[in-house]
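Okay, so here's the structure we're looking at.
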């Protein structure tokens, strides 16, 4: 009947608006049962379960064999790691796979068969699950003794496919690769030419004493190429030039030219190209997100315009304000945006909304998130008003910063004076006394600020929450110290009591005091700008960090499989797999003694650091260098430059806003990645939106 149709249209509009809020595609089934399943799938509980499953399956690498989950990485002192019995981690893994199977099944059903064949990510998802399950069966058939587990390398894919922003970022990176390849090729030419020059300059002579450069770094083409490649990373600088420089200082010109051309020109040119190209492709990605939002809002308008309560005499499509209010009550969205839309709706004098009016209401989603601080309390007493003015004034905060600086200086003086003293000779009276004085001042300052600002307004500032939390912790530690060791007095060196010694308690208090000094950041505008830029990167660029985790995880797992057992403990006369590398036992033991603190026994979770260090000392076979070069290209050359590009974009954007918007003390503006580019995005036209809606595989528009 008409009532059932109206309920369906209302639910469709609710889902389309939620899709617009989250920048999701609207190309999914829109019947009643599918809409219920769709909302359940994207509910917080369901998404939390999926995120937890991804975290668990990625964390399995830390307990699976070979595992290095021990307190110390030094193979001489650490205990044997715990090896779970066969079937334990496999059972957890199977549960994760079942969740992923349910996930891909629901996704495939919701988008429909036609859309499924267009979605390459879903097809790759199914292929990854199939290969992983086959490899899981092989593991059980071999009683978990097989050395190669392909599914471990595929695990990061589950993290990658679960984030739409991560997919867009990866697509942007993929589109940027052709431009980056030209500079990387130029780097390769630069490296090759200087390798040939090096082999000619440092060729072998009759005097063995003068051939140290040739023996150590430029014996043959692979060694020469590796030495200069490592020099490009500055990891072996200045070691690589010392033998030649000792022979003739003029040889330094070669290394200076190589470093200047490679590091100062080509690497910075690569950063500039990546910044320019990646920003353009990221802008296109954000533009497509804006199109999805506008399309979702327009789809909601179109389905609401087909309600039976819409006047039949209307010249154009319109939506009643009552229907929109009914939809907004069901939509899960930020309360600030919902209240703002409802206020605008009440202020509207008309009962029917056109498409333009409907779209304008939801422009609230594109605005900065504004957080306004609560007002200060109003005191009737003239004396209290004076106190409020004095302790609420910025100068009172500056005084607190000066006191905190004095505290830091006093701690530094005491640490310098006691640096060479034995613990038995140290007198903790002075440090304990000044800490007691400053902590009491911090407590008084916090209470006076709360008196002037009110508790709600005081807690609305992040700097105050940070300051107040540390003050409370310091007060608790100081009270605990007095309760256990008594009040400070000359010669205050009591015996060890409780969980921590007196010196440990004092050190902990001092570390928190030093950490508390960060409170000065909001008072220094330029420093605050830099810090907020970094915080925005942490909050808004989770997709970028997610892809970084994927890269690290994949290379770490690959390194475990390739280099497991490559480093043997000291005292072991057998060199194991390295015996084919033509490294004598004496040389091997000497090199191992140098890298013992860097490497674990079997190239496990600390593998990346170990590999980079081994690369710099050439303790690897020639074919293994391919792995290291690939890691360097992806992590240092490409990824670090991408991060610099995003950091520059965020900083420039904030700097421009700082110059064009006057800072208001009671208002905080928060922006997402999409809103960073809001000023340069183009609004989609009416024709583009309607054309896309008419192509919807499951929605039949009546008008």
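Using N, Cα and C of the backbone, Cβ positions are placed for all residues, glycine too.
Which of 180-202, 203-225, 226-248, 295-317 counts as transmembrane segment depends on TrEMBL, and there it is 180-202. Taking TrEMBL as the reference, the stretch among 26-44, 45-63, 64-82 described by the feature transmembrane segment is residues 45-63. For the transmembrane segment (45-63), the list of distant contacts is 69, 82, 84, 89, 92-93, 95-96, 99-100, 103, 152, 155-156, 158-159, 162, 553, 556-557, 605: same-chain residues at least six beyond its ends, Cβ to Cβ under 8 Å. Ranked by number of Cβ pairs under 8 Å to the transmembrane segment (180-202), the listed stretches 395-417, 429-448, 469-488, 626-648 are led by 626-648. Take the transmembrane segment (395-417) and the stretches 253-275, 429-448, 543-563, 626-648: counting Cβ pairs under 8 Å, 429-448 has the most.
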